[in-house]
Ligand code: GRF
C-alpha cells in the first residue's frame, strides 16, 4: 500500500506514523508528504526520515480546483492508495474527495462531534469538561464530520493546564494513529482480495 501524508505544521503525527510502520517492517510505504506551508517544520522531519515531499500553497494557483488538480497529478504519478491527514489545516475539496472517496483519513484532537474545527483542544479546555480525546475518521465534504473509525478519551484533571492537556492529547494521537491506519490498510487489502476472488 502506498501512503501519502498531508500536513501543514509541526508534523509530530507524520513522524510517529513513519517510525511505527518502519519498526513493524511493514511493506506499506510512505511515498510522499505534501505540505501547503512551504516553511513548515514537518518538511525538516520529512528530510530526516527520507520521505519525498512537496510544498506549495493554494495561493500559487488561480483556484482551489487547480491547486487540488496539481496534488492529484502527483498522487497519480506516485500511485498513492491512501491519504492520511496529519494536521493538514485545509478543507479537502471535491477534486480530491471524488478521486479518493473513502481513502482519506483524518485525526482530530477531540471526541467528535464535540469541539470540531481548528481549536479542538483549547475549546474543550475552556469549556471545563472533564474529558476530551482523539477521533480518527474518514473525510467527507464537511468539517470533521466523516464516519468515525476510532475514538479514545483523555481525561482533564484540575491540575491540567492547556499545555499539559495538549501534551496528553498528542501522546494519545501518536500511539493511536499508526495502529488505526495499520488496521484500515488491512481492511482495504481484504476488500481488494475479495474483489479479485
Ligand atoms: C494534531 O493535534 C491533530 O489532531 C490535528 O492537528 C495536530 C497536528 O499536530 N489535526 P502535528 O503537526 O502532527 O504535530
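Just so you know, glycine gets a Cβ as well, placed from its N, Cα and C.
Look at TrEMBL and you will find 1-181 tagged as domain 'Formyl transferase N-terminal'. Sequence annotations record features per position, and here TrEMBL assigns N(1)-(5-phospho-beta-D-ribosyl)glycinamide binding site to 11, 12, 13. If you look up TrEMBL, you'll see 64, 89, 90, 91, 92, 106 marked as (6R)-10-formyltetrahydrofolate binding site. Annotated active site, proton donor per TrEMBL: 108, in sequence order. Look at TrEMBL and you will find 144 tagged as site 'Raises pKa of active site His'.
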Cα distance, residue 11 (N(1)-(5-phospho-beta-D-ribosyl)glycinamide binding site) to residue 92 ((6R)-10-formyltetrahydrofolate binding site), nearest Å?
18
Cβ within 8 Å of the N(1)-(5-phospho-beta-D-ribosyl)glycinamide site's Cβ centroid: which residues qualify beyond 11, 12, 13?
7, 9, 10, 14, 15, 16, 42, 45, 86, 87, 174
What's the CA to CA span in angstrom from residue 106 ((6R)-10-formyltetrahydrofolate binding site) over to residue 144 (site 'Raises pKa of active site His')?
8
Expressed to the nearest Å, what is the distance separating residue 12 (N(1)-(5-phospho-beta-D-ribosyl)glycinamide binding site) and the residue listed as 'active site, proton donor' at their Cα atoms?
14
May I ask for the distance between residue 11 (N(1)-(5-phospho-beta-D-ribosyl)glycinamide binding site) and residue 89 ((6R)-10-formyltetrahydrofolate binding site), taken between their Cα atoms and rounded to an integer number of Å?
12
Residue, out of the binding-site residues 89, 91, 92, whose Cβ gathers the largest set of other Cβ atoms within 10 Å:
92
Out of 11, 13, 144, which recorded positions lie by ligand 1, with a C-beta less than 6 Å from some atom of it?
11, 13
Tell me, roughly as an integer, the mean pLDDT over the domain 'Formyl transferase N-terminal' (1-181).
97
What are the sequence-distant neighbours of residue 13 (N(1)-(5-phospho-beta-D-ribosyl)glycinamide binding site), meaning same chain, six or more residues apart, C-beta distance under 8 angstroms?
7, 86, 87, 107, 170, 173, 174, 177
What residues, ordered by sequence, lie under 8 A Cβ-to-Cβ from residue 108 (active site, proton donor) and sit at least six positions away in the same chain?
116, 120, 134, 135, 136, 137, 144
